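**Q** Have a look at this one.
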Amino acid sequence: MNESLTRIESAGTHGPVLVGRGLVEQLDQHLAELLGDTPDQILLVHQPTLRDIAESVRAKLAPHYRRVLMAEIPDAESGKRIEVAEFLWQILGQSDFTRTDAIVSIGGGAATDLGGWVAASWLRGVRVVQVPTTVLAMVDAAIGGKTGINTNEGKNLVGAFHEPSGVIVDLDVLESLPRNELVTGFAEAVKIGFIHSPRILDLIEADPDAATDPTSAAFREILEIAIRFKLDVTANDLTERGQREMLNYGHTLGHAIEHNERYQWRHGAAVAVGMRFVAELARLSGRLSDEAADRHTRILELLGLPTGYPADRWPTLLSVMHRDKKARGTMLRFVVLDEIGQPTIMQAPDESLLFAAYQEIAS
Ligand SMILES: NC(=O)c1ccc[n+]([C@@H]2O[C@H](COP(=O)([O-])OP(=O)(O)OC[C@H]3O[C@@H](n4cnc5c(N)ncnc54)[C@H](O)[C@@H]3O)[C@@H](O)[C@H]2O)c1
Ligand SMILES: O=C(O)C(=O)C[C@@H](O)[C@H](O)[C@H](O)COP(=O)(O)O
Ligand SMILES: [Zn+2]
């Protein structure tokens, strides 16, 4: 077990990512370092499950700032709505929140997406520090500056690229995370395994329990590989003109499933099904070997992640996928693999090929 503090720097303009234990207890010191000059006011945005942590953070920050505001947002995807952003804008407006002030988001990916987007939009941009408290937010959502909310029509349809001044990853906060949240969030680390780092896949296959145990060395290694990779990709391509699209592996179908489930499915679970789908798509089109495609199913099953979806949902999913941000006009585009670690874009696959791939995962 590695208890030391890791500081991961971006080659671009993204703030540093601190990984360690006990970091939230010293949030005042870390925040002062990440923000440099002292803001006058801080807004702490948190989910209901993080109320106690947010209260203790407020008490710690209070002596250092003129005002520390707190805003509790609705849980999970119900927090990623325009009404919730309006609620936060109201707090910011009524407290004369200026460009030298800063937002701190504490929570899972839904909280960091919302907090980041409110920071991006308020006065056209104030600083944000992300404090992710789920595995998913630690390996993915809090890193890289993609922020946003859902609309009735689909997932993350409104948003902005707005990089954080820093990200504080405190492994201690995972103690209270329910197992299902941990495992579904881990799907984003599996994604990085398939598109970039077979080492992640090897660690899972060697010992899936250790890989998903936040106190293990394997977990910490996976976490840091994922963070470093995401920082690298986003330093090169913040606004998703090319390489960043690879981080969307499994998301084209995944987002459609989340929408179809009215956001009652966990994001990572939907992405797991989406990864299996694109693995079958790549296999059927002759790109990916049977072995590599089967590895998807095996690893997802080892982790207890879903790998199928009902057959009769195909027409709905196909129509929702046309709102995917990778689509161009009426042309669908999918991230697929030529090999493990070699993602590429498949443009405008024939509908019959898409249907055939879906048949492979239909339950
Ligand atoms: N911006 C990005 O690059 C990016 C990347 C991946 C995912 N996302 C987004 O992230 C969201 C999913 O994030 P998520 O899976 O973290 O979900 P989430 O934010 O909904 O959190 C999941 C649940 O865990 C609870 N929780 C959070 N931390 C906890 C803790 N330490 N102990 C106990 N309970 C805790 C939350 O209250 C919530 O009920 C989706 O909206 C997805 O679109 C964004
Ligand atoms: O950071 C990215 O880029 C990603 O695609 C990471 C994804 O895991 C994440 O779910 C992201 O929010 C999806 O973005 P979207 O633009 O497809 O909504
Ligand atoms: Zn995702």
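Heads up, the Cβ atoms here are built off N, Cα and C, so glycines get one too.
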**Q** Since TrEMBL lists Glu188, His267 for Zn(2+), which candidate among His162, His251 does it give for that site as well?
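**A** So, going by the record in TrEMBL, that would be His251.
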**Q** For Lys155 (NAD(+) binding site), what is the secondary structure state per DSSP, taken as helix, strand or coil?
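**A** DSSP assigns Lys155 (NAD(+) binding site) to strand.
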**Q** Among the binding-site residues Asp75, Gly79, His251, which have a Cβ atom lying under 6 Å from any atom of ligand 1?
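**A** The ones that qualify, in sequence order, are Asp75.
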**Q** Taking the Cβ of Thr134 (NAD(+) binding site) as the reference point, list residues of the same chain whose Cβ is under 8 angstroms away and which are at least six residues distant in sequence.
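**A** Thr134 (NAD(+) binding site) has long-range Cβ partners Gly107, Gly108, Gly109, Leu174, Leu177, Glu181, Leu182, Gly185.
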**Q** Filter the binding-site residues Glu77, Gly79, Gly109, Ala111, Asp113, Thr134 down to those with CB closer than 6 A to an atom of ligand 2; keep them in sequence order.
**A** none
**Q** What Cα-Cα separation, expressed in whole Å, is found between Lys155 (NAD(+) binding site) and His267 (Zn(2+) binding site)?
**A** 10
**Q** What other residues of the same chain, not counting Glu188, His251, His267, have a CB atom within 8 A of the CB centroid of the Zn(2+) site?
**A** Leu136, Asp140, Ala187, Lys191, Gly250, Gly254, Gly268, Ala270, Val271, Gly274
